[in-house]
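Asker: Before we start, here is the structure in question, set down as structure tokens.
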């Protein structure tokens, strides 16, 4: 590059001693800058669409946008294209059959007006095959106190659920999901204890705000709303105040109920366990936690429990999309409004359409819902997952 730039200089200006303080010298140097930039862009820079450095720069630029937008959906779209490109002719049919029922998804996760990002999102299409059917895993985790419990849930919960489902008898989804959440909570608790006793792993300790040391670490927890989508059913497990909403024929159907301390049945359970609900900026367990169930939060046990409430919903031809989100969205956007926004974005893309517009529709819906929450002054992290459920309807019609 230096040689090219010197060639441009030699062609446009004869070499001669120049007084660096003179006005003419400054003018000549300024005149050279556009030429050097043009040469660098045209002769040195690699094609933009194949440039890894450009991708890294775009990631840095995007991370500086308001809310630190996490555009994981675009990455997944690129991965899908790459996966399709490397499929050889002999395995095209097999690959198409494997991925034919994978729903299109979009996800957005932003820090919002909070200082720290404590939300986490987990997306694992086709994480399990059972009875020759693909099962898909989606989860949103809203951490509090620190982010490491939510991050641990993102890394491990789908594996725990997979192992439990593989040994599940018939369709005992409620028992299976309760066991999975309890094991996740046990892993989090053991991890915290081992790190304190044996000396924490330094790399993780340095990256954690609470430094994974008691008593701060015992005050860390996370909500968890998880959905396992099969060709026939939608299983939702909820622990905390994140929420899952199904949009069916234009109607918003909540598939989970928020675990708030002042919910009558939760209030009775907390009081029977010997705890109290104190109203301090809203109802809180012992005046501290604004939810009655969560993974982690060892210092509030047995009042705060990790047991999820599980709903199993049969899929129908009228199902349009599933929305999973943290309370950063639901605190300011009603279920019906969220459903309407998602339907509006999906309307332009037909069910079963594999065009770029169809793949971007869910991403647009998640992004628009996030922007709406921020515009309505949401004060929390906002994480949204939108799953297009319409593909199954087209597959049935064509068969």
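Residue numbers in this text run from 1 along the chain shown.
Every residue gets a Cβ built from N, Cα and C, even glycine.
Feature annotation from Swiss-Prot assigns Mn(2+) 1 binding site to 142, 143, 327, 331. If you look up Swiss-Prot, you'll see 142, 327, 380 marked as Mn(2+) 2 binding site, on the strength of experimental evidence. Among the features that Swiss-Prot reports, Zn(2+) binding site is placed at 146, 148, 208, 210. Per Swiss-Prot, domain 'PPM-type phosphatase' is recorded for 104-389. Taken from Swiss-Prot, the feature site 'Lock' covers 280, and the record attributes it to similarity to another entry.
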Asker: 10 Å Cβ neighbour count around residue 280 (site 'Lock')?
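Answerer: Counting Cβ neighbours of residue 280 (site 'Lock') within 10 Å gives 11.
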Asker: For residue 146 (Zn(2+) binding site) and residue 327 (Mn(2+) 1 binding site), determine the Cα separation and express it in whole Å.
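Answerer: It is 16 Å, counting Cα to Cα.
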Asker: Any idea what the Cα distance is from residue 380 (Mn(2+) 2 binding site) over to residue 327 (Mn(2+) 1 binding site), rounded to a whole Å?
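Answerer: Here the two Cα atoms lie 8 Å apart.
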Asker: Should residue 327 (Mn(2+) 1 binding site) be counted as helix, strand, or coil on the basis of DSSP?
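Answerer: Where residue 327 (Mn(2+) 1 binding site) sits, the three-state DSSP reduction gives helix.
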Asker: For the domain 'PPM-type phosphatase' (104-389), report the average pLDDT of the model, please.
Answerer: 90
Asker: Between residue 327 (Mn(2+) 1 binding site) and residue 280 (site 'Lock'), how many Å separate their Cα atoms?
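Answerer: For residue 327 (Mn(2+) 1 binding site) versus residue 280 (site 'Lock'), the Cα atoms are 18 Å apart.
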Asker: Once near-sequence residues are set aside, which residues in the chain of residue 143 (Mn(2+) 1 binding site), 6 or more away, have Cβ atoms under 8 Å from its Cβ?
Answerer: 118, 119, 120, 149, 150, 151, 220, 221, 222, 223
Asker: Any idea what the Cα distance is from residue 142 (Mn(2+) 1 binding site) over to residue 148 (Zn(2+) binding site), rounded to a whole Å?
Answerer: 11
Asker: Quick one: pull the CA-CA distance for residue 280 (site 'Lock') versus residue 331 (Mn(2+) 1 binding site), whole Å only.
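Answerer: Cα to Cα, residue 280 (site 'Lock') and residue 331 (Mn(2+) 1 binding site) are separated by 18 Å.
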Asker: Tell me, how many other CB atoms lie within 10 A of the CB of residue 146 (Zn(2+) binding site), whichever protein chain they belong to?
Answerer: 22
Asker: Quick one: what's DSSP say for residue 148 (Zn(2+) binding site), helix, strand or coil?
Answerer: helix
Asker: Counting across all protein chains present, how many other Cβ atoms fall within 10 Å of the Cβ of residue 148 (Zn(2+) binding site)?
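Answerer: Excluding its own Cβ, the number within 10 Å is 26.
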Asker: Could you state the CA-to-CA distance between residue 148 (Zn(2+) binding site) and residue 331 (Mn(2+) 1 binding site) to the nearest Å?
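Answerer: Computed Cα spacing between residue 148 (Zn(2+) binding site) and residue 331 (Mn(2+) 1 binding site) is 23 Å.
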